[in-house]
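As written in Swiss-Prot, here are the features:
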REGION    1-99  region 'N-domain'
BINDING   D30, D78, E150, D152  Mg(2+) 1 binding site
REGION    138-229  region 'I-domain'
BINDING   D171, D173, D225  Mg(2+) 2 binding site
REGION    599-650  region 'Disordered'
COMPBIAS  604-620  compositional bias 'Polar residues'
COMPBIAS  621-641  compositional bias 'Basic and acidic residues'
REGION    656-675  region 'Disordered'
REGION    685-716  region 'Disordered'
COMPBIAS  700-715  compositional bias 'Polar residues'
Amino acid sequence: MGIQGLLQFLKEASEPVHVKKYKGKTVAVDTYCWLHKGAFACAEKLAKGEPTDQYVQFCMKLVHMLLSFGVKPILVFDGCTLPSKKDVEKARREKRQTNLQKGKQLLREGKLAEARECFSRSVNITSSMAHEVIKAARSEGVDYIVAPYEADSQLAYLNKNDFAEAIITEDSDLLAFGCKKVLLKMDKFGNGLEIDQARFGMCRSLGDVFTEEKFRYMCILSGCDYLPSIHGIGLAKACKLLKVANNPDITKVIQKIGQYLKTNITVPEGYIEGFLRANNTFLYQLVFDPVERKLIPLNPYGNDVNPEELNYAGPNMGDSVALQIALGNMDINTRKQIDDYNPDIPQLSHHRSQSWDNKQLNRKTAHTDSIWYTKSEPCKTTKIEEIHSPRGLILPSKKHTVKRSYEDGVSDTDLISQYSFSKNKKARPDGDDPMQQVPASTMILQPLDDCANTKPKKPIHQPKTRNAFATFLQRQKQDCSSVSATGTRSRFFYKPADEKPHCTEKEQIVCNGSALDIAKETHELTEESSIKTEKEDSLSTISEVCKPNNQRISPLQNQRSCFTWSGSLDSESSPTPKQSPMLLSLQKFHRTTPYMQNEAENKPSWQSSCIKSDTVSQIDSNEKLLKKQDIEDTDSDEHASTPESPCQFTMKASPAHQSFFPEPKGSAPKSKVPGLLKSQSVVSGLRTKVKPRAPAKVSGLTNRSNTKATRNNENVPGLQATIGDLWKNFSYKK
């Protein structure tokens, strides 16, 4: 069936597509191809004569698939046998009868597999089987038409006259009839191979010189249902012949076919007449116009064509008979009345429900947009989705369709309100400080207005922010924006006027590598006004707060600090602010160390704390080393302190490692602060001995101590090497 090798020959013009490409449009279907596929599943029952409707279910399943994608199908069935195909139909009938007899014989012998194969080849689609599919399509409001003769010519007419956008078939003869778009090899999912006539120029074998007429000649020469081919002539040689021959008369080209192809090919007698009959059959085969409801040729007759001589293309049976055949009311073989369907009478169709929102659409009558309706337009390719809406397709209509609401679901209004800003939201005043909204528990160090004033302010209850820690870091970044990113600053060019009183706040500490922010409330303690009064106090405070006008705290000091003060040593100090419940729950994990005092030397001993520690022995060894270094640094810093600045201490090391502040040498023994251990990362970084800082230089660098007494000094002549000494050291002995 069809033209052998044509699909492979037009491979470059084909394109794999899905049927949803034609959503909202109308397609015509060669239903006999579907009937043959559906009959294969029940071939054994059909051969035995058992009743079955599997082929009907198969065809309607494909119809429902097209409707689900918004495609309106028109089912086209074959009619009477065409006189031009009597020989072909006779040969096919004999072949089917032979396979049927062979299958019955194999079934008697018990060879079931071979018998089924023979039965599948012997399937004959009868008019009664087609009528069962017609009744099923009619009940669901699907358009159909029975061709007066062949379905191929009727499909081509529907496509050329814009009744259908494309043709769904398995027969390649549709291309020879001049169809614009043909969808071949479509499966049950809607995938197929589309061949568009507009893409024929992409085929290298055809070239740009081929026209629709030459393409039809090529198909006839290569062999079709109306005329067998000449021995040795296929699509390739037929295409080559039409490219080489310049004579417009095709009969003369066929006579000289051997000269054009340079082969010894003889044209059989009667071949030219058969060629002309086949060409006229492709052009003037009778079809039925559903709008005018009469028989017409596929293409208008030419001036040199006599319709009475074209009986081989289908004799004129009359418009009334053709109408009854087209409606499926008359048997095509016996011409007996088998049904009384009238498309002009509105009938209630039982559509298959595709979704929840198209039940009302299914109640529409079938004749409203049918091709049989006399007031309908020929083109039915627009707005077809209003009749058969696919699953989930939102159709434009005045009525608002309401979907089923899910239980415990969020409505669309609530969902939109979650992603939109409220219009009644009050704007924050310009004077509001984002730091005021940060709870007191997030403040590591609280700034003090005066060193002597140690009374903490009452925490102000502020509404909880979305991310207080992010606000805190943003405020700290703005306050410390003038500080160098590396934390280094020349002490020579330093001016007290550049100091800002803030930047004393620290970030929260994340210990043990977790995301838990442990915020501990601390007190800023100050020292007494002079060194003499400090010696008389029984307790002194440990602070890292200095006067803002005299000394600037390095930003690296705030960033590298891994501990905070957790209590007060002064009995006269104000009470500790109320801790948060989170801190109270974590207080049981607070680690404390025994007091360490050195009464013999009355020197302060320092003790650090860290929540994350590997071993206790490593921390104790580092504490002893730091204790010894701090005592030595205290002795060197005692001479540098003056009565004018009693609270100011000289920084012992670089700002990156500054975490301890010494007290004057003559101070009374201090009580130890429990639970203050330095983190291991900081302690491990101070393994080398911290040297006391020398007086400030212009370059801002510390002066290294002169370890060698014999070092050359250019300012002292006695220590310089003279030329005579050099000659003595490097002279050779005689």
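In case you wondered, yes, glycine gets a Cβ from its N, Cα and C as well.
According to DSSP, D78 (Mg(2+) 1 binding site) is assigned to coil rather than to any helix or strand. If you measure from the Cα atom of D171 (Mg(2+) 2 binding site) to that of D152 (Mg(2+) 1 binding site), you get 8 Å. Same-chain residues that are not part of D30, D78, E150, D152 yet have a Cβ within 8 Å of the Cβ center of the Mg(2+) 1 site turn out to be Y32, V76, A147, A151, S153, Q154, L155, D171. The CA atom of E150 (Mg(2+) 1 binding site) is located 12 Å away from the CA atom of D225 (Mg(2+) 2 binding site). Distance noted between the C-alpha atoms of D152 (Mg(2+) 1 binding site) and D225 (Mg(2+) 2 binding site) is 12 Å. Secondary structure at D30 (Mg(2+) 1 binding site), taken from DSSP and collapsed to helix, strand or coil, is strand.
The two recorded residues, D225 (Mg(2+) 2 binding site) and D78 (Mg(2+) 1 binding site), have Cα atoms 15 Å apart. Each of the binding-site residues D30, D152, D171, D225 was assessed for Cβ neighbours inside 10 Å, and the highest tally belongs to D152. Cα of D78 (Mg(2+) 1 binding site) to Cα of D173 (Mg(2+) 2 binding site): a span of 14 Å. DSSP classifies D152 (Mg(2+) 1 binding site) as helix under the three-state reduction. Taking each Cβ in turn and tallying the other Cβ atoms within 10 Å, the top scorer among the binding-site residues E150, D173 is E150.
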